[in-house]
Every structure is written in C-alpha cells, then in structure tokens.
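**Student:** Pulled from TrEMBL, these are the listed features:
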ACT_SITE  P2  active site, schiff-base intermediate with DNA
ACT_SITE  E3  active site, proton donor
ACT_SITE  K61  active site, proton donor
ACT_SITE  R271  active site, proton donor
BINDING   H95, R115, K161  DNA binding site
DOMAIN    2-118  domain 'Formamidopyrimidine-DNA glycosylase catalytic'
DOMAIN    247-281  domain 'FPG-type'
Amino acid sequence: MPELPEVEVVRRGLERWVSGRVVAHAEVFHPRAIRRHAPGAEEFVSRLKGRTVGSAERRGKYLWLPLDGSDAILAHLGMSGQLLMVEPDSAPEKHLRVRIAFTDGGPDLRFVDQRTFGHVLVTAMGHSGGRPVPEPIVHIAADPFEAHFDDEKFASRLRAKQTEVKRALLDQSLISGVGNIYADEALWRAGLHGVRPTGALTKPKIAELLAAARQVMAAALSEGGTSFDSLYVNVNGESGYFDRSLAVYGRRDEPCPRCGAPIIRESFMNRSSYSCPRCQPRPRKAGL
Ligand SMILES: [Zn+2]
C-alpha cells in the first residue's frame, strides 16, 4: 500500500509531467473509480474539458491537481492505484479506470487500479490547516511535512486523546499521512510500544516521536526520490519501493538493528505491528 513518501514521489512526477497542460477530454472506464464523484461520470467528464491543470499538491496520502484556480482533481491511490503517464496511442492497461488526454497531444494521465480501492473525483476547493485543500478532505489533519503543521498543538491533542499511541498516529483527524509501516518505524526509533497510552507521554517524548516520523519518511523519500525522473509515474502498491530503509516493519524474527533482539509481530487494529521487545517494552496493564 502506498504511503506518504510513495505518494510524494507520484506528486513530483505529476508536477513535472502534467502541470500547465489543458485537458482535451476524459474517459471513465469503471464507475467504481469515480464513486466519490457524486454527480456521476458525465459531469466528471464535462467538468474537466478545457481546464488548465495547476501544480500538483498533496496532504497525507491524498493528491490533487488544481484546475484553473478553482476546482481540483483529487486522487487517492488506495491499495493498488497507479497514476501513469502514457503515450496516447498506447493500448489500454488491463485495469485502466480513468484516462485524461491533453490538447498538446502529449502523454495521457491514466488512473490504473487493479483492486479499485482508490478513487478520483473533481471537487471544489475549501480551506484547512492554513492552506486551500479540496473540500472532501478539509477534515483531515495536516501531515507533518506541511508548513503549517503545529507541533505544539499536535502534542496537546495527542495527550488529550487518551488512546494508544499507534492508534493516535494512524488517526487522520490528528495527523495525516502516517500509515502502518511508518508508524511502526517511528515508534521503534522513539522506543515506544504502540499500545502505550498517549496521556502518559511527556512532551519531549512526543517531540521525539514526531521527529522520528519525519525522519523515516524523509529517508524513504530520498531513497525513492529518483524514480520520478522517468516518464512512467508509478506507485507499485504491492512491493513498495522503500523496503530497505525499514528497521522493523516486515522483519519478524530478524535482529533489531539497535540491540539485536528478534523483532516480534503482533496483531493491532486488524493489521500487523512490528516492534523490538527490548527497545519497545509493552507497558504493563493498569492494576497489575
Ligand atoms: Zn531493540
């Protein structure tokens, strides 16, 4: 599943290959891909025709392309979504869902999604977290790379949540863009077990955790940051590009890079959590 660094790579690719171009026409090949576009496929297509695409933006795992300064094309890649730049005369991909062609006759923008958990839509813009963002995502908190992300406010809200720290990291109303993989990596760096109660975390520990989240995602981005040079803008939702930068995620029974103890896998929120039993001791249950 693509996480923030992978989505940022796609954003940079879109910025390079799509910005400033004018939409000639769009086609929708599968209704599920635009299920969040309430007015339907016909309106989606007519609303895009003739629009000039602005510079690609991102919040968390959402991407958008501003249109003529008012609307935007909003995309979420889901589990397996890809945004591809493809020459207009090349054959349709097996799982092609939406195609956007441009007046310059250059490469199409194609949304390909095997599992169809991803979606695209055209929407009006709203405002949230100190910047214009598409209306459907105004309720989503800023991600930690946004200029207006408020570290102090995040720390206060995290403590007030009275929940488990991993649950809070995955809570998109508190912080966006931290998925299962980078939550585990950040918790390992900060030496915190994911079920630690947020109310008991000190402000310096929260600052350390936030810095760790930024570091692991920035490191992943710098490793994968060259792939947007090619014409083919691609997120491979299955393997992920950045496995090599991971210390604990997916590394059950391998030695912890810090202390050598075997990494353990536990079930959490119907997903897998990976941690070091020595660096990240599980808190004792209250009353024991
Ligand atoms: Zn360890």
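Each position is counted from 1, following the chain as shown.
Including glycine, each Cβ sits where the backbone N, Cα and C put it.
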**Student:** Using only C-alpha positions, which one of E3, R115, K161 is spatially nearest K61 (active site, proton donor)? These are the recorded positions in the record.
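**Tutor:** Sorting the recorded positions by distance from K61 (active site, proton donor), the top entry is E3.
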**Student:** Could you check which of the active-site residues (P2, E3, R271) sits closest to H95 (DNA binding site), going Cα to Cα?
**Tutor:** P2
**Student:** Got a sec? Which of these recorded positions, K61, H95, K161, R271, has the most Cβ atoms within 10 Å?
**Tutor:** K61
**Student:** DNA site residues H95, R115, K161: biggest Cα-Cα distance, Å?
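**Tutor:** Farthest Cα pair among residues binding DNA: 41 Å.
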**Student:** For K61 (active site, proton donor), just give me the three-state DSSP call.
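**Tutor:** The residue in question, K61 (active site, proton donor), is coil (DSSP, three-state).
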**Student:** How would DSSP class H95 (DNA binding site) in three states?
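**Tutor:** DSSP call for H95 (DNA binding site): coil, neither helix nor strand.
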**Student:** At the level of the C-alpha atoms, what whole-angstrom distance separates K161 (DNA binding site) and P2 (active site, schiff-base intermediate with DNA)?
**Tutor:** 27
**Student:** If you average pLDDT over the domain 'Formamidopyrimidine-DNA glycosylase catalytic' (2-118), what do you get?
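**Tutor:** Value for the domain 'Formamidopyrimidine-DNA glycosylase catalytic' (2-118), mean pLDDT as a whole number: 93.
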**Student:** Measure from the Cβ of P2 (active site, schiff-base intermediate with DNA) and count the other Cβ atoms within 10 Å, all protein chains considered.
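**Tutor:** Its Cβ has 24 other Cβ atoms within 10 Å.
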